[in-house]
Every structure is written in structure tokens, then in C-alpha cells.
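Database features, via Swiss-Prot:
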DOMAIN    60-366  domain 'Protein kinase'
BINDING   Leu66, Gly67, Gln68, Gly69, Thr70, Phe71, Gly72, Glu73, Val74, Lys89  ATP binding site
ACT_SITE  Asp195  active site, proton acceptor
MOD_RES   Thr240  phosphothreonine
MOD_RES   Ser400  phosphoserine
MOD_RES   Thr405  phosphothreonine
REGION    414-657  region 'Disordered'
MOD_RES   Ser417  phosphoserine
COMPBIAS  489-501  compositional bias 'Low complexity'
COMPBIAS  535-552  compositional bias 'Polar residues'
COMPBIAS  564-595  compositional bias 'Polar residues'
COMPBIAS  614-625  compositional bias 'Polar residues'
COMPBIAS  627-649  compositional bias 'Basic and acidic residues'
MOD_RES   Ser634  phosphoserine
Amino acid sequence: MSDNGSPAVLPKTEFNKYKIGKVKSTPAIQRDAKTNLTYIKLRKRSSEKVYGCTVFQNHYREDEKLGQGTFGEVYKGIHLETQRQVAMKKIIVSVEKDLFPITAQREITILKRLNHKNIIKLIEMVYDHSPDITNAASSNLHKSFYMILPYMVADLSGVLHNPRINLEMCDIKNMMLQILEGLNYIHCAKFMHRDIKTANILIDHNGVLKLADFGLARLYYGCPPNLKYPGGAGSGAKYTSVVVTRWYRAPELVLGDKQYTTAVDIWGVGCVFAEFFEKKPILQGKTDIDQGHVIFKLLGTPTEEDWAVARYLPGAELTTTNYKPTLRERFGKYLSETGLDFLGQLLALDPYKRLTAMSAKHHPWFKEDPLPSEKITLPTEESHEADIKRYKEEMHQSLSQRVPTAPRGHIVEKGESPVVKNLGAIPRGPKKDDASFLPPSKNVLAKPPPSKIRELHQNPRPYHVNSGYAKTAIPPPAAPAGVNRYGPNNSSRNNRFSGNSTAPNNSRNPVNRFHPETNVSSKYNKVPLPLGPQSRYQGNSNESRYKNSPNDSRYHNPRYVNKPETNFNRQPQKYSRQESNAPINKNYNPSNGSRNMAGDHHQGSRPSHPQFPISPSQGQHQLTSKPIEKKNGSFKDERAKPDESKEFQNSDIADLY
């Protein structure tokens, strides 16, 4: 610097004569007054750049978030200059260590060296929030780095879970060939992917599959793979065994083997291939130990011939199980014999018996019908792993709003709503006291011993399915003979009914209670009740409700007997005696003033109660056409009476109930 303070002019030298370019500005040299030292003052640039990276501002814009992983987050972005959609993978920088992640370094390095149509392409690196250059200790603090990748419309996980996408076998073969092509290129470049799964297989708008997410990939030692042996076989190099997502982890990794090869990627391809058919991961272990059990349940416990090295691995105790292989039973409905052989060789327990990517491309399964398609056509809808939750919610909502299907046996015509038609009144179900719900000790309808049947001459508290038990088991006492509780001159009550019988028409006369035209009982009548279709206490008390004629109705009004136009909509008795095969009693004459209560009277069984037949020794207590004669000023019933020696005892009732 000159004395007047103007910048010093550099003298012309031989070097300046050959200098290329033009010096934009001469640095200003300043002197410190305290130390008397000269120094050059540096000016801060408008934008601090990182070598090989592009600044984020004014170049890219973030849109929606596509997903999040262990080592970063993925966003959908737009390149502002070209307005093209890109995928931006944000790299998480640890604040404590202030170091660039080793996984990101490996991924960037490997992607820069790979160039294949089935491998994702790294466009460039982007950063934002430039730090203060005076703070050298925090060069990466508050700085975000992005990996700019081409935007893919779908990944294989979202495609398989999308209910609106159905892949044919020809499309599956096309996808498998593309996966094997990309994986073979990686292995031949002496890299292991170590994280093959459906979420890391991307699909572009042209149906081209691309392997992505090389965060766990690394260089392996040894020879590259060939048609027989995997890459790195026999090298003796050790790697970490905590790699690959658990559900896609090879059995040698589960057992703790550290000297693994590129065969761990082939196992993941086999899991992806089986997932095409079940639409979900096929080996979903809950823990690392449980993952081994799940694998051996599908492929069987390895024997000495299947996998000789397994018993020398750290997790060899899992090989002591005794599981049978179920691969054929599980996937036999989806694949042919050739397809099962292809899947079995991809999922071989011994890594040295597993197919390589180079040999798998030439398997006979790809040459049988149907042949692989030339191009995969996917719908315009985007399908990513982040959309799986939405697919499940839509599926649950559609199932809850689905119209109920038609019942079995009902044919839905065209244009008809698949609902059950109105079938009218449905019969009532059995009551809780039904015989089918009672134990044998309390079941009245259960057949008692034969001795009990012969001793009974009356119905023991009749029971019906719809109405239950009768109100009483023993008839009430009747009035003495000849006693008229309404008086002998009560003609208004005596002329209420008319019939063909010669007996008086006194409906309240206790003597006439058994007349065919009178069915009114009296508590003063001690005359034993006969058995027959006219007995009030025989069978079910509700059997008279639904008869074939209006006179058989319980609510019968005699005023409308002679009016044929009256419509009595009564349903016929369900268990009619007319449907029975029992012989009809020819002595019974319904035209003699007796009403047909529940069909014709059957011989050999009690009226309206077929469960308790009457033995011939007890007699057939039936109504006959013999009229009642009046003797000594009173009516006397000359009809057959039950044997007094066969009275119904209380002990019998107790035994029965």
C-alpha cells in the first residue's frame, strides 16, 4: 500500500504477462494498528455454494410429503425452471454429531456409479440454509441436504394394495424380469442392495420398474456372481447381519451369519414374487426369533442335507424345531409346477443352492404360457406406500355400505332389489318351556315308562308348543245331579242354543254340559268328564282357536251361525289329525250334533293328544249318538264312564312332573 493510502499497484512481471483471464478486483490490504500487521480483508459472497450441489432457493419447491424412513423423508417437489415433478429425499443430519450420515454417503456414491434403466437415477444434490462462514464448528448445523430423484407415479407396495389394480400373470412375469435385470446389474458391479422389498421398487408412467433406496447397499468382496454361485462366495469377508427389513430377511441373516453373499437379495426377490399373489408380505414375524419360526413353518426345518452349515451358526437352536414345508399347499392354487419350482429355488434355505439373478432370468417359468407382456399399462391413479392406509379405509367403508345379498334360495330378477320380500306373519318360535329345551326329568312330552301310560286315563296337564300348559290338570268339581243353578223356569237361558238332540237346550244345566250343543262347564257338576273331541279338558285348550269352520272358533258367536256370507279368516290347525295315518273311528258321527273339533277322532289315541295313546283295556271314551234320558225327574248319563279303579293319583302326577 502506498503512503497516500491508495492500493498498491503490482509491478508487471513475466507471470502477469501470461496470466489468463482478467482480474476482477484487487484485494485490499489493511494494517492492524495494534499489531502493525497487514492482512487482506475477505468479503462474504452473496450465496455460499457447496461443491457439487445446487442451492435450494429459487430452484425447487416442496409440495406434499410422500413418506418417511429411518434415514430420511421423501417429498414431492417441482423444479421451478422446467416445472417438472421430482422426488426430493431429505437427508437427516444429526445435530449432536454434526456429521453427514454414512448411509447417505454410500447411497450417493453408489448411485453416481450406476447407470441402468432399472436403477433409479440421481439427478443432483441440493442444500439450503447456508451457515455463517465464521462459525466453522457448525458447518452442517441447520443445513438440509436433498437428493433429487425422478418422480415415480407408483411403487410396487402401493400397486399390490390398490384394490382397483389387478395384475395378470403376464404382467407379473414382466415385472419379475425387470427386477432381475436391475439386480443382476448391481451384483455384477460388485454391490449388494441389502434392502429388497416392494416399497423400494418404483414404477414410472411407462411401466418401467426401478430399484431404489440404496441406503443399506455396500461394496462386497470376492468374485462377482455367475450362473451357479452368488457374488462374494468364499471370500470370508464379514459384514453386519442387522440389515434388510425383517419380513424380507434371509434365513442366514436370521441365524446370525456375517459371511453372507449377494444371495440375501435373491431371498428378498422371492418374497416379493410370492407377495404378488397374496397382496401382503408372506413372512410377517413379530420378533427376530419369531421370524425364524415363520420361515421354517413355510419351508420346513432344514436338515443336514438341506443346509449343512445351519447348525454352526449363532442361532442354530432354531434348527431344532420340527416343521413340515407348506409352500406347495399355500401357493399351489396360484402357480403351476414350474412356477412352484421357481419360487422354491428363490426361497431355498441354503444360500448356495439359491438361484442367482443371472440364472433366474433363464428359468423355464418365463418361457411357458402366458409369456411376459411387452409393456405394463397401469392406471393413471398414483399408488404409493403412503396410500395403503387410505385404501384400507375405502375398503372398510365400501363393505359397510354394501347392499345385503339375497337369502339362500331366492333368485333376484333383473331390476329387482335384492331384499327379502314380505312373507307375512312369521310363526312364533318355541317358548322357553318347550319340550326340546327341557331336561328328560322335567319334559312332559317325553315318553314315560309303559306302566305309567297304562295307569293314566286322563291327560296329564296337556301342553302345546304355542300356548304352553293348560291351566289345570284335574277337572274342577261339578254340581250335584239335578241341581240347576239358574232355576228350572229360566227359559231365557234354556233357549239360547238350538240343536238336533232331544235333550233340553239348557246351556247352563250341569247335566247337559256334555251335550254336543253345549260346551259350558259348571263347578257343581261332579259327573266325570268324558274323553272325546267335545271335551273341554282334552288336548290343548287353544286347539279350538284355528279350525276349519266358524263353529270351531273359540270366539264363536251363535248369532252368526246361520249367515254363510260371514267370513271367518281362521287358519287351519297346523297339526291336524286328518294328516295322521291313524285309523278313523267309524263310530264317531259328526252329523249327530257333534262338532268336528280337530279333525276326525282317531282310533287308538286320545282325542287331540297323540302323545298318550289309550290302551284297549281303558276303553275308548268317545261321544256316541245315544241321547240322554230323563229318569226320576233328572237327567242321567248312560254313556260309558271311565274305570273308577284307574283314578288319577297325586303320586302319578308327582312322578310325571
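Yeah, the Cβs are placed from backbone N, Cα and C, and that goes for glycine too.
Owing to the predicted nature of the structure, the values given are computational and were not obtained by experimental measurement.
Set side by side, the recorded positions Gln68, Val74, Thr240 differ in how many other CB atoms lie within 10 angstroms of their CB, and the most is found at Val74.
Between the CA atoms of Asp195 (active site, proton acceptor) and Gly72 (ATP binding site) there is a gap of 15 Å, rounded to the nearest whole number.
Put simply, Thr240 (phosphothreonine) is 24 Å from Gln68 (ATP binding site) when counted between their Cα atoms. Around the Cβ of Leu66 (ATP binding site), the same chain contributes Val74, Tyr75, Lys76, Ala87, His384, Ala386, each under 8 angstroms and 6 or more positions distant in sequence. Around the Cβ of Gly72 (ATP binding site), the same chain contributes Lys89, Lys90, Ile91, Ile92, Ala104, Gly215, each under 8 angstroms and 6 or more positions distant in sequence.
For Asp195 (active site, proton acceptor), the number of other Cβ atoms no farther than 10 Å from its own Cβ, over all displayed protein chains, is 22.
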